[in-house]
Each structure stands twice: as structure tokens, then as C-alpha cells.
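Remarks on the structure that follows.
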Amino acid sequence: GPTKGTVLSQLLLQCILKLEQAGIHIDGVVCDGATTNRSMWKHFGVGGVLGRVANSFEHPSDSSRRVYMLSDAPHLFKCIRNRLHSKKVFHIDGKFVQWSCYDALYVADTKHAGGERVCPKLTYNHINPSNMLKMRVKLATQIFSESVAKGLQFYAKRGAPRLHDVGPTVQFTLLMNNLFDALNRRFSG
């Protein structure tokens with residue numbers, strides 16, 4: 001079975017101490033949101049609810065430093081997409097980001113006269129992912145893409161059904177697209 005969170009936290013502390021002894025400074029740890037990792041985070045006091053967030057713990061070799069726990073970008077994007085898909089609406093700064101806009105875009109785009117599509121990569125699986133498909137990063141990042149934002153604007157301008165108030169969803173989609181591009185970079189050293 002999987003490693004228990006308490007064992008994982010002990011292993012992590014040992015790794016941090018060994019790496020620090022070798023001259024490598026550890027300021028953060030990145031992992032996905034697997035159950036054992038979340039259990040490890042909880043062991044370190046990392047977690048949160050609205051208004052009360054803890055994202056670091058005291059460094060094991062230097063009490064004046066912190067070790068920050070970070071979730072990997074692909075996992076975060078899947079979580080955001082899955083949350084929006086299940087809740088249907090995000091309320092952000094008095095505006096509503098709506099999953100129904102993506103659904104309406106898909107319907108409008110697949111019924112477009114002549115079979116030509118504005119968003120040819122957008123599929124039924126993007127809009128209605130099964131539990132297995134919810135784990136695919138590609139489906140999450142393609143929903144939050146510049147081409148989907150442009151598709152929403154295209155059909156909204158043409159009066160497509162259920163696409164009358166797409167502004168907040170377009171803005172959110174572009175924000176997510178740009179954020180993923182910024183976080184998904186490779187730098188040569």
C-alpha cells in the first residue's frame with residue numbers, strides 16, 4: 001500500500017536535513033495532492049480554510065527559516081476545473097464564472113453550420129469528464145485556454161444561447177491560461 005503520511009513526513013525531514021548538510025538550501029517542497037501527501041501536510045500543520053491558511057512549517061535545521069509546501073501546477077489546475085465543474089459557479093469579486101458557458105460554447109460550436117468549428121479541440125470529454133478523465137491535465141488546461149476564451153467571445157457576439165454574460169468567464173479563462181503558461185516553463189541552467 002501507499003506510504004503513510006507520518007512516515008512520509010519523517011522521510012521528508014531526514015531528506016531536508018541531509019540536503020542541508022550537503023550545502024543545498026531547501027526552502028520548499030512541491031508535490032501533488034495525493035492522500036498521503038495531504039496527510040503529510042497535515043502532520044506539518046499545513047492546510048487551510050477560508051481566512052485561515054498555513055502553507056509552511058519551521059525549517060528542521062534553522063528555526064529562523066520556513067519550509068513552504070506547494071502543490072504542483074497541473075494538480076491545481078485539475079482541482080480548479082473539477083471544483084468549477086461540480087459547483088457550476090465561482091463567485092469572484094462580485095462576478096460569476098460559470099461552467100454553463102463552457103457547455104454552451106461546446107453546444108454552439110458542434111452545431112455550427114457547415115461543420116467548421118471555432119474550438120475544434122473542445123470535446124464532449126472536456127465538458128462532461130468521467131471520474132477517470134478528471135485526472136487528465138490536458139483536459140483541464142484545454143478548457144482554460146486562450147482559444148476557448150476566444151470561442152466564448154465569438155459565439156457571445158453572435159448571440160448564441162446561454163452566452164450573454166461571458167465576460168467574467170472569459171477573464172477567468174485567460175487568467176488561468178496565462179497562469180499555466182507562467183508556471184509550466186522550462187529553464188536551462
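Positions of Cβ are set from backbone N, Cα and C atoms, glycine also.
Here the domain 'Transposable element P transposase-like RNase H' (4-45) has Cβ contacts under 8 Å with residues 54, 57, 59-62, 65-72, 74-75, 79 of the same chain, all six or more residues outside its ends. Sequence annotations record features per position, and here TrEMBL assigns domain 'Transposable element P transposase-like RNase H' to 4-45.
Across the range of the domain 'Transposable element P transposase-like GTP-binding insertion' (75-186), the DSSP-based residue counts are 71 helix, 8 strand, 33 coil. The annotation domain 'Transposable element P transposase-like GTP-binding insertion' is assigned in TrEMBL to 75-186.
Look at TrEMBL and you will find 1-22 tagged as signal peptide.
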